[in-house]
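Here is the structure we will look at, set down as C-alpha cells.
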Amino acid sequence: MASRTSSLKFFSLLIFSIAIVQMATAGDPDIITDFIAPPNRTVDGNFFTYTGFRVLVGGGPPPTTFTVLKATLAEFPALNGQSVSYAVLQFPSGTTNPPHTHPRSAELLFLVDGTLEVGFVDTKNNLFTQTLQAGDLFVFPKGLAHFQFNADSQNPALAISAFGSANAGTVSIPSTLFTTGIDDNVLAISFKTDVATIQKLKAGLSAKP
C-alpha cells in the first residue's frame, strides 16, 4: 500500500513538473538554436547581461510616481526566443498600476516590500482580489484585465513580475480608451454618460502629472 501511495505521489509530481515546463515554453514560438544572435555582432557574456536594474541598488532617490523598469525584448535583445521577461514595479504610497492587460503572457508577481491591493477580472466578469504582504506571490492569468494599488498612505511597495514571453505586451485600458482618438459619442454611449464627461476624462489623462 505504501509503495502504491509513493508511486501515485511520484506520478502526480511528474505530471505537475511537465505542466510547469509546458507553461514556461508556451509563450513564444520555439527556436531551433540555443539563442538568437544579432547580425554583425560578436556575442560574448555582455550580450547575455542586462544592467538596467542597477539603479535599484544604487542608493538613488525613490520615485514619486508609479514606475516600471523593464527587461523585455526591447531592452534586452538576448531574450529573443527565450520566452521570459522581467519587470520591477515601484509604488510610492497611494499609487496604482491602472487596469491593463498583457495579451501574450500571464504575469507572476512577487511582492518584495510593502503591501499591495491586487485583482483581475475574468471573462465572466468575476472580480478576484487580494491584499498581498511582502513575500507573497500572485498570478494574473494571460490576457485578463488586472491592476495593482498601494493603499498604504505612508509606505512604498516594491514588486517583481515575471512573464512567460520576451514581449508580453501591455495594453493600458484607460489610455487605450481615452487617448487613442476613439470618438466621444462612441465612448459616451458605451459608458452611458455624456460627451462632456468623456472629454473631461480625456483631458485628465492627457495632462502631464
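Even glycines carry a Cβ here, placed using N, Cα and C.
What TrEMBL lists as oxalate binding site is Asn97, His102, Glu107. In the shown protein chains, 23 other C-beta atoms lie within 10 A of the C-beta of Glu107 (oxalate binding site).
Per TrEMBL, Mn(2+) binding site is recorded for His100, His102, Glu107, His146.
As annotated by TrEMBL, domain 'Cupin type-1' applies to 53-199. Summarising model confidence by region, the domain 'Cupin type-1' (53-199) averages a pLDDT of 96.
According to TrEMBL, the signal peptide annotation covers 1-26.
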His146 (Mn(2+) binding site) has how many other Cβ neighbours within 10 Å of its own Cβ?
-> 22
By the 10 Å Cβ-neighbour count, the most surrounded of the binding-site residues His100, His102 is His102
Counting across all protein chains shown, how many other Cβ atoms sit within 10 Å of the Cβ of Asn97 (oxalate binding site)?
-> 22
Secondary structure content of the domain 'Cupin type-1' (53-199), with strand meaning DSSP E or B = 25 helix, 57 strand, 65 coil
